[in-house]
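Participant: First, the structure itself, so that you have it in front of you.
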Amino acid sequence: MAGRGNARDPHVFCIADLIEHSEKRLSKMASEYIAGGAMDMITRVVSLCSHLFSSPVKDNCAEFDRYRLLPRVMKDVRNVDPTAECWGVKSTFPLGFSPTGIHGVAHKDKELGVSRAAASQGVPMCLSSWATSSIEDVVAQGVNSGIPYAMQLSVVEDPDANLFTIRKAEAAGAKALWVTCDLPILGRRLNEFKNSFSIPEGLTIPNLPPDVDFRAPTKNSRMGYDRGMTWEKVQWFKKNTKMQVWLKGIMDPEDAKLAVEAGADGIIVSNHGGRQLDGISSTLAALPGVVDAVAGRIPVHFDGGIRRGTDIFKALALGADFCFVGRIALWGLGYNGEEGVKLALGLLYDEFFATMTMVGVTSVKDIGRHHLARIAADGSLVRLK
Ligand SMILES: Cc1cc2nc3c(=O)[nH]c(=O)nc-3n(C[C@H](O)[C@H](O)[C@H](O)COP(=O)(O)O)c2cc1C
């Protein structure tokens, strides 16, 4: 039929399908590790795994539905360009992978499969310091693709342990260091308590120092999260690496200003996918305030709750320069390893491209608040200023 196109997969036509099919294949412990958040999961993201949880509220995803798109017609959309820049490198579209730990729980392809999928689609990837593959091996998968990589750091008390991960990432050619700022302690993830979650045998955490017992890191005091971290620490990172230093987990406009003053190269608006402090606002609700506070001085990237191409568009319209997804890499792996991750990226690309075309914009930089209206309490649409 004219214009119908071909489906990319016989079962999975959107990310909601991917989640459903992936969760059928994953173990209960893995499904709940991926989908879960902290406490009642008010902030957490939607998943078809929700029958496993009692929380009715899924703010990170729900906030996207509080906006409506405002398309314009007759705009000559024969040449739509969805490319965008991340860490100084061009990306196929404004989406990359946020760091998520322990990919080995989802599939044997683990982070290496995610890296190959990202490379094949031309999008960036940030590796978790709790990855089950080394940054060298991850970067090697994309060596001829030109995609950029970043290394995330869960900052611990021992500076030498932090430097171990930083040096490895630099040597591997990572462009940016993502310092996770919302992790003074681990969030209270009840599913992990209930399932006695642990890193499966056979998996290792190679980006942490080799002498760390990663199955019981808190037994080793030097691996305790750095609860003493303040803005001065940003300069320590800047002095100790040539990589760009990005701060992940900025939600408050005042913190965004302090991040700029502290010398951060960029920030990521993130609430850790609802896995740290439950009951805080969704990332999309926090985004405009942060964007206004930064006022274009450094790039503002975004993650949390993105499940559709329209979600990417809405985050950009509210001022994000680039978007990331966390759980989708794991659900892609759970569905079909590397191929499942490629499928996820392909679907999101198709949806984002279709959104740009039908809204009537040909360049990512032209996406703005004028493309959105917010649904007011009485159901009416309020155009954004
Ligand atoms: C299973 C899992 C593991 C994660 N591990 C890390 C991590 O090691 N470091 C970190 O900064 N964020 C981590 N995150 C948070 C993600 O980087 C990201 O902020 C979040 O997943 C975005 O929300 P989304 O899953 O709705 O896309 C993790 C998230 C999940 C779901």
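Using N, Cα and C of the backbone, Cβ positions are placed for all residues, glycine too.
Note: TrEMBL annotation is automatic and uncurated.
Quick paste of what TrEMBL says about this protein:
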DOMAIN    7-377  domain 'FMN hydroxy acid dehydrogenase'
BINDING   Tyr33, Arg189, His272, Arg275  glyoxylate binding site
BINDING   99-101, Ser128, Gln152, Thr180, Lys248, Ser270, 303-307, 326-327  FMN binding site
ACT_SITE  His272  active site, proton acceptor
Participant: Cβ under 6 Å from ligand 1: which of the binding-site residues Pro99, Gly101, Arg189, Asp303, Arg307 qualify?
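Facilitator: The qualifying binding-site residues are Pro99, Gly101, Asp303.
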Participant: Fewest neighbouring Cβ atoms within 10 Å: which of the binding-site residues Pro99, Gly101, Gly305?
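Facilitator: Sparsest of the binding-site residues Pro99, Gly101, Gly305 by Cβ contacts within 10 Å: Gly101.
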Participant: How long is the line from the C-alpha of Arg307 (FMN binding site) to the C-alpha of Arg275 (glyoxylate binding site), rounded to the nearest angstrom?
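Facilitator: The Cα atom of Arg307 (FMN binding site) is 17 Å away from the Cα atom of Arg275 (glyoxylate binding site).
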Participant: Please report how many Å separate the Cα atom of Lys248 (FMN binding site) from that of Tyr33 (glyoxylate binding site), as a whole number.
Facilitator: 21
Participant: So which binding-site residues are near His272 (glyoxylate binding site), with CA atoms within 10 Å, out of Gly101, Gln152, Asp303?
Facilitator: Asp303
Participant: Are there any residues in the same chain, six or more apart in sequence, whose C-beta is under 8 angstroms from the C-beta of Gln152 (FMN binding site), and if so which?
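Facilitator: When sequence neighbours closer than 6 are ignored, Gln152 (FMN binding site) has Pro99, Cys126, Leu127, Ser128, Ser129, Leu177, Trp178, Thr180, Lys248 within Cβ distance under 8 Å.
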Participant: Run through the Cβ atoms and count how many others sit within 10 Å of the one on Arg189 (glyoxylate binding site).
Facilitator: 22
Participant: Please identify, among the binding-site residues Tyr33, Arg189, Arg275, the one with the smallest Cα-Cα distance to Gly101 (FMN binding site).
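Facilitator: Considering only the listed binding-site residues, the nearest one is Tyr33.
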Participant: Give the three-state DSSP assignment (helix, strand or coil) for Gln152 (FMN binding site).
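Facilitator: Assignment for Gln152 (FMN binding site) reads strand.
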Participant: From the binding-site residues Asp303, Gly305, Arg327, pick the residue whose C-alpha lies nearest to the C-alpha of Arg189 (glyoxylate binding site).
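Facilitator: Considering only the listed binding-site residues, the nearest one is Arg327.
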Participant: Can you tell me how many other Cβ atoms are located within 10 Å of the Cβ belonging to Arg327 (FMN binding site)?
Facilitator: 25
Participant: Between Arg275 (glyoxylate binding site) and Arg327 (FMN binding site), how far is it from one CA atom to the other, in Å?
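Facilitator: Between the alpha carbons of Arg275 (glyoxylate binding site) and Arg327 (FMN binding site) there are 12 Å.
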Participant: Near the glyoxylate site, what residues other than Tyr33, Arg189, His272, Arg275 in the same chain have a C-beta no further than 8 Å from the centroid of the listed C-beta atoms?
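Facilitator: So the extra residues in range turn out to be Gly36, Gly37, Ala38, Gly187, Glu192, Gly273, Gly274, Gln276.
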